[in-house]
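Enquirer: Quick paste from TrEMBL:
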- 1-144: domain 'Beta-mannosidase-like galactose-binding' (DOMAIN)
- 286-444: domain 'Glycoside hydrolase family 2 catalytic' (DOMAIN)
- 645-738: domain 'Mannosidase Ig/CBM-like' (DOMAIN)
- 742-821: domain 'Beta-mannosidase Ig-fold' (DOMAIN)
Amino acid sequence: DPYYRFNDVMYRWISLDNWTYSRTFKTPFDVRKWQKVNLVFEGVDTVAQILINNITLGRTDNMFNRYSFDITSVIKEVNFVEVRFLSAISYAAEQSRCHKAYSIPPACPPPVQKGECHANFIRKEQCSFSWDWGPSFPTQGIWKDVRIEAYNHYHLIYFSLTSVFAKSAQQWSLEIESIFDVISSKPIAGLVTVNIPKLQTQQTFSVKLQPGEGSIVLLVNINKVRSSTVEAWWPNGHGKQTGYNMTTTFIMEAGYEIEKFSKAYFRTVELVQEPIPGSLGLSFYFRINGRPIFIKGSNWIPADSFQDRVTYDTLWLLLKSAADANMNALRVWGGGVYEQDEFYSICDELGIMIWQDFMFACALYPTDQNYLESVRAEVSHQVRRLKSHPSIILWSGNNENEAAIASNWFSIPYADREVYIKDYVMLYVKNIREIVLTEDKSRPFIASSPSNGLESVKEGWVSQNPYDTHYGDTHFYDYINDCWNWTVYPKTRFASEYGFQSWPSFSTIKKVSSTEDWSYTSNFSLHRQHHENGNDQMLQQIGYHFKLPQSTDPIKKFKDMIYLTQVMQAQCIKTETEFYRFSQSEIIKGEGHTMGALYWQLNDIWQAPSWASLEYGGKWKLLHYFARNFFAPLLPVAYEDKGVLYIYGVSDLHVDHKLTLRVVVYTWSSLEPVCTLAKDVVTVKAQSAVPIYKESINDFLERCGNCTRKSCVITFCLVGEDGLQSPTNHHFLSSLKDAVGLEKSHLSASVSQQDDVYIFALQTTAVAPFVSLDVGSIKGRFSDNGFLMTEKKKVVMFYPWEPTSVEELEKSLTLTSLVDII
């Protein structure tokens, strides 16, 4: 296994060599019957020479492009095909050497990443040369399908559809684009029929295809009567993801007929950037089908260093886990790959909106002619391939490259700045943006993330401070300050990246390590940490609120450390996300109206410490269980300001609700509540965050008798009619290392089975913070985890992803709470 222990370094020789893939194949059809035969590669990674029967067909230099070679004149009955690869590392180094006029930083990744240099000089997955959460595995190979296409007269290359809503007429239409290769020297005429039975819509068009490669665009108006009953595509939690079956038939005077089956989705998207009363700057939020939507989710990275291991099942598990945690959006980050078709189809189905970066990240890039031509082909191919997906709501030019210039990450002398700004505008504005606007008018484009949106445009695309909270989106990381202190977080318009690291479970680490690796300070633990001082930063953050493990048993100590990193990460990101959610409806000192929270990061590329909430293999970290609650559609959120306790009611629901706020206070030493308070008829407004409770902590504690900051904890939830209920949230009044009265609890669980679900009946003898259930490497997820247990009994469900049994689960179960850490 390339992921085992130190194999990423041991196997480095593979990427320094050049590899050739070859085979002999028989042509399965009579070549003489076809006017044109193409050899088509959906994806070649990356630099290669393609030969058939010793004749060079061409070269490839872009992993994100589709390559089609005309082999009509060279194909025989039996053929020898070769793909001769060049080491991506040596190619990148050579390209960098040839760029003599000025350097294009960064040259190399930081040593802690154990990576390769000049990734920005090759159109390849940027993180395959290493990242701060991933290994360096610069692969060489045929990473997508390869096929032979033979046709006469004409051939359909791309087919896409986007929906348009005419406000004035209140009518939906579909724009259908078809791109053809026409072989004949004369135009070909014919008929195209589009049929959407459910919408009683059928239209026939006469078309003329010109010789060569060209496109036809058809506008299909949805039946007027039906237009009002069209069910739009909505994000997860806001409605259904209805798609309509559609058949498009091409019947041409010459050649065969083509029948294309697709799904038509109807949704509009606007990125709203407008002045806000009482605030400098502009808003930055998404309106879907005319409704403002608070974006809840995370950032997606490649699910594996070896893309062929990413199956449909891998994708389904990760994306379903995102939807199950109440997420409605993911950002496909610009240092990975444009994901496979299935990824976007699953997002269409689950209602997960996609912020789609183009693949440029944390670097400056060359803009010589060859490079730009390759990028232009890549962008038009990807936009054509992906634009039919309703899940994609935004194209974004790059990750952090505007910030890299603005904040001068690469110490560029002031005199040279203009050269790099000119390159920046050339690449993202004059090329990428131009193509996107030509190819796809149905969704917004921004040049970078973070940026100041329209303000960045106004400042010549590179703003003075892309992190300005009054405009656009922000990325924010702070590992030094106490993460429970909400005042350190930016009251931004849109938080598109923020996060804290943790370690994956012991069961995940165990698969790629040996006994001597199982300590927090082992060579292995240092080797897997690709972020400078990452392991120490986690310890420091844990130290603010928890006691560090002191066990004399080294393996118990390691497991306790892993548990604490996960508790810390979950609690940190909970605090920060709740801050972003409760800021959505207010402007304080000119800041606020936060309309998006995408934490960094959703998933992992290998087994290592990282910012992810889902481990490699899909297991949920405690953070992911917390996300299910902190992203809940209805949530009460508490924070303190100058000795006053505030509780906000946060709602993504489409109507106002009259609810009861229930506040229950416990001492750490008893399962009997010290005091309870029910505030009836609290109005929680639709799609907003409103203050619903306010009291000074001193008055609160006094009213609760016998309570001090150190001896009590506050829990609270919102309850309405028809079973409407929020998760129960909690607010700590002191660090848990200072908690008074916490007792060693006796936790026990009995496991039973009901249909396909397993039931864990838990019992405790004392209040137990951060109760974690872990069933090792048995695949599945719990209904809740990492919770504060304040009642004697609690029932938790386990949803298995593969067959298991009560015996297996009992045998594998580890129950841990904070008091078990010694």
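Note: Cβ is positioned from N, Cα and C throughout, glycine not excepted.
Set these features in their place in the structure for me.
Expert: Across the domain 'Beta-mannosidase-like galactose-binding' (1-144), DSSP classifies residues as 32 helix, 46 strand, 66 coil.
Model confidence over the domain 'Beta-mannosidase Ig-fold' (742-821) is summarised by a mean pLDDT of 97.
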Enquirer: Where DSSP helix means H, G or I and strand means E or B, what are the helix, strand and coil counts for the domain 'Mannosidase Ig/CBM-like' (645-738)?
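Expert: Here the numbers are 10 helix, 50 strand, 34 coil.
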Enquirer: Count up the helix, strand and coil residues in the domain 'Beta-mannosidase Ig-fold' (742-821) according to DSSP, in that order.
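Expert: In the domain 'Beta-mannosidase Ig-fold' (742-821), the DSSP-based counts are 10 helix, 38 strand, 32 coil.
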